Every structure is written in structure tokens, then in C-alpha cells.
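To start, the structure itself, in C-alpha cells.
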Amino acid sequence: EKQMCLSFTELFSRLFAKKQIKILFLGLDAAGKTTIVYRLKMGELANAIPTAGTFNLETVEFKNISFTVWDVAGQFERRSLWRHYIPNTQGLIFVVDSNDRDRVVEARDELHRALNDDELRDDAVLLVFANKRDLPTAMNAAEITEKLGLRSLRRHRWW
């Protein structure tokens, strides 16, 4: 009887336990990663300063899901550290500055480097967030898709 009670309790806790999901925000410096994270967390725009150090860590709650959000610095000299944040990532949000045509190839290279990391889970989902689309000279979705080489991705689903 005690064994049945424990399994019933275990079943109940598994059904209703809060799910933990690790989300990694990557992108070049000044793409808008931190601004987006704070928008998700607080529900409003906040003035974000560039990520000091290596990363910001935030928790965003939604229904019964707790998202652990790693907002990792995008400066060139910090990008080699991205690989340390990739293990166990379930969702990768790559933020691209839609208005930064000069660095879109650099963004593509960094995105593909992260996606090809052996530590990235095969079931990790990729969301490409095209930021700053409101600017008059910003690239449209089709142009970003092409310039980032998203159609060539086979290992990960992307949105």
C-alpha cells in the first residue's frame, strides 16, 4: 500500500510539476538580445545596456513552464565562450539586427557555428528573431532567410 502511495504521488508530481526549459539567446553585439529578454520578463520595453561581462541570466515564467534564459554577450571577443552555454539548450533564439546589412554574413557564420556545435541537442528548436524591422532600410523576412542560409538547415527546425 505504501508503494502504491509513493508511485501515485510521484505520478501526480510529474503531471503537475513545473517544467524547466533552457533557452539560449545568441546574436551579434547590439542586435537587441537583452532588450528582448527584458521585454519577455517584464512585458514592457526597458532601456537595456550592453551585456557587461559574459551573460545575463533571467527566469521567465509562463503558465506551468519556467524558462531559464541565458542572454549571452555577442561581442566578437566573447563569442568563443558561446560553446560553454550550448549543452542542454532546448531552444536557441538567434537575434539578428535586420538593419545591419554590413554584418549579416558575420551573423550567418556565427549562427551556423552555434548550430553545428556537437553539444547542441538534436531536438533543440531554433527561432530567428529579426529585430529592428521597424527601421526604413531593414531587411525583410525573405532577405534575412536567404542571407542567413536558413533553408540549408537540416538538423534543426527553425521559425
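Heads up, the Cβ atoms here are built off N, Cα and C, so glycines get one too.
Just one of G74, G149 is listed by TrEMBL for the same GTP site as G27, L28, D29, A30, A31, G32, K33, T34, N131, K132, R133, D134, and that one is G74. Note: the CA-CA distance between T34 (Mg(2+) binding site) and G27 (GTP binding site) rounds to 10 Å. In this structure, K132 is the one among the binding-site residues K33, K132 with the smallest number of other Cβ atoms inside 10 Å of its Cβ.
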